[in-house]
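Only one structure is covered here, and it is reproduced in the block below.
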Amino acid sequence: MIRLLHLDASARPGRRGVDPHGSYSRALSHRFVSRWRATRPDDPVRYRDLGAAPPRLVDHDWIRAEFTPHDRRDAQMHARLAESNALVDELIDSDLLVIGAPLYNFGMPAPLKAWVDSIVRIGRTVVFDPSRGDDPYVPLLIDRPRRVVVLSSRGGHGMDAGGPLAHMNHLEPHLRTALGFIGIHDVRCVAVENEEFGGERLAASVAAANAGVDALVDTLLSEAATSPVPVAA
Ligand SMILES: Cc1cc2nc3c(=O)[nH]c(=O)nc-3n(C[C@H](O)[C@H](O)[C@H](O)COP(=O)(O)O)c2cc1C
């Protein structure tokens, strides 16, 4: 069994191709999960619509609670960390994280950043150990392989890794850094580009991205068949 955690972060609620003014990144993530489930219908999928229901932003109360030792937290502190803890639990319980996310102003949408802020947690997903000198951070999500798929959409073009405008896209690099920091290094990416141009350029990009998603599902399915992800006890 491979447990999927499916996140969407677009501010647009619908899916392109189904709903008026729908989201391309939601269409890609939906395509990925549907294709996966067509082959492995018993794999559980947990869904979080971050765009519709963003996690609370980090604030003073959250920081105070997070940096108070667990056994000294009062009821309010536990309550303030409850949502963050739930998001961490979901991530720990997953084997395959599917993220649909648009590029907004050169980076990730705020709801997805709020999710990242919620899941990078001292003592839960990473340990800070000053006795280790210059390398004090120990990732905790290394108990088993987890894979991440980032399915994005951009108004511009040339922003895939290695592209001429890649320096204007901090979405996938930021996710790679943050998830790598907690022990998840296998990140695969597909994106629609040219959304703001429309017309044939966009149509060609959508077709290529759909084909890329299908190929990625097939690759990950065959990897899963040859080296199944061990399920934690
Ligand atoms: C607030 C905002 C900021 C955006 N910033 C960028 C950007 O920095 N670079 C880019 O290529 N496109 C940018 N776009 C275009 C979106 O990436 C594009 O519309 C994409 O298709 C949105 O994803 P969605 O279709 O899943 O909603 C921006 C759009 C919005 C609404």
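Cβ from N, Cα, C; glycine included.
Caution: TrEMBL annotation is automatic and unverified by curators.
Quantities reported herein were computed from a predicted structural model and do not represent experimental measurements.
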Candidate sharing the FMN site with SER23, TYR24, SER25, SER153, ARG154, GLY155, GLY156 (per TrEMBL), from SER10, SER34: SER10
Recorded FMN binding residues, SER10, SER23, TYR24, SER25, SER153, ARG154, GLY155, GLY156 - maximal Cα separation rounded to whole Å: 16
Secondary structure of SER10 (FMN binding site) (DSSP, helix/strand/coil): coil
Model confidence over the domain 'Flavodoxin-like fold' (4-213), averaged pLDDT: 97
Nonlocal residues around TYR24 (FMN binding site), in sequence order (Cβ under 8 Å, 6 or more apart): ARG16, PRO102, SER153, VAL192, GLU195, VAL206, ALA209
